[in-house]
Amino acid sequence: MRVILGPMEGVLDHLMRDMLTQINDYDFCVTEFVRVVNLLLPDHVFYRLCPELQQGSKTPSGVPVKVQLLGQDPHWMAENAIRAAELGAYGIDLNFGCPAKMVNQSKGGAALLQHPELIYQVVKACRDAVPAHIPVSAKIRLGWEDPEDCFEIVDAVAQAKADELTVHARTKAGGYKASEIKWHYIDQIRQKCSIPLIANGEVWNYADGQACIQTTGVDSLMVCRGALNVPNLGNVVKHNHAAMPWHEVVDLLLRYTQFEVRGDKGKYYPNRIKQWFAYLRHAYPQANELFGELRTLTQVEPIVDQLHRYRDQLHHAAAELPV
């Protein structure tokens, strides 16, 4: 099976990809979306969102990275796909699934699910423009409101000759509600269409991954939010590893401070780590206590100091446990 680290705008940036691919056996990653409007974007935009382009389109640990584009104009999507390919992108992914209101209001992301013909035009333009050896894939939801629309949408992607398709098994209207997941539609898509598929949505552990594979008949899975809830989720899903214990998560939080300070977002670190806690709290009850100690801190150094103190307390408490 394959497990892919999916895109999350504003969350899974190159620093997080670097860290998570060091500790997981991911098959490839997808960047945050590059927003395409009516122009050819300068190189620095691609390098900012995918600095891995300067390393052979791989993370420092060697995991390939696809560049994701989001837009609705076939010509400019194709022009920017060409540019990403020229810069060395491992692959081009096209976002037709983002449910964010601002993106949809500007006719991007999931808004295109209402217009399968436009999806066809965008995918075909990009596939025709990019050299054949570079894969062009797409990411969709089941539809805007009606999951039955997925078949027409998938047909549009397949007819445009995309190399692969990720299906988030909810509609746009379904948001991220667990009750709205509909894996069985991916199985129906698989039976109707020959395009290689990746299943996405509600895979939080090994059992979920196996259930998704069993239901969909697809053995390639993409994880996004869960990869932040449980930092080693890739190995949990792929190899049935135990979830990372809390003390190792704390060590990872300290490693993340080094990534941010060393990287280009040191000034954003206080907000970034608090954002990560919003995910960790779903899997680790201890995260609530630690977040309470950090929430009022606004500078990097006090946060790092508090994390060190907290880690020392954990180690001291563990040392006092009876053998």
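Each Cβ is built from the backbone N, Cα and C atoms, and glycine gets one as well.
These features come from Swiss-Prot:
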BINDING   Pro7, Met8, Glu9, Gln68, Lys139, Asn200, Gly201, Glu202, Cys224, Arg225  FMN binding site
SITE      Arg35  site 'Interacts with tRNA'
SITE      Asn95  site 'Interacts with tRNA'
ACT_SITE  Cys98  active site, proton donor
SITE      Tyr176  site 'Interacts with tRNA'
SITE      Arg272  site 'Interacts with tRNA'
SITE      Lys274  site 'Interacts with tRNA'
SITE      Tyr279  site 'Interacts with tRNA'
SITE      Arg295  site 'Interacts with tRNA'
Residue among recorded positions Pro7, Gly201, Cys224, Lys274, Tyr279 with least C-beta crowding, 10 angstrom cut-off:
Lys274
Where Arg35 (site 'Interacts with tRNA') and Cys98 (active site, proton donor) are concerned, what is their Cα separation in Å, rounded?
12
DSSP three-state assignment for Cys224 (FMN binding site):
coil
Please work out the number of neighbouring Cβ atoms within 10 Å of the Cβ of Glu9 (FMN binding site), leaving out its own Cβ.
18
Distance check, please: Cα of Cys224 (FMN binding site) against Cα of Tyr279 (site 'Interacts with tRNA'), rounded to an integer number of angstrom.
11
Cα-proximity to the residue listed as 'active site, proton donor', 10 Å cut-off, over recorded positions Glu9, Lys139, Tyr176, Gly201, Tyr279:
Glu9, Lys139
Spatial neighbour of Tyr279 (site 'Interacts with tRNA') that is closest, considering only the recorded positions Pro7, Lys139, Tyr176, Gly201, Arg272 and their CA atoms:
Arg272
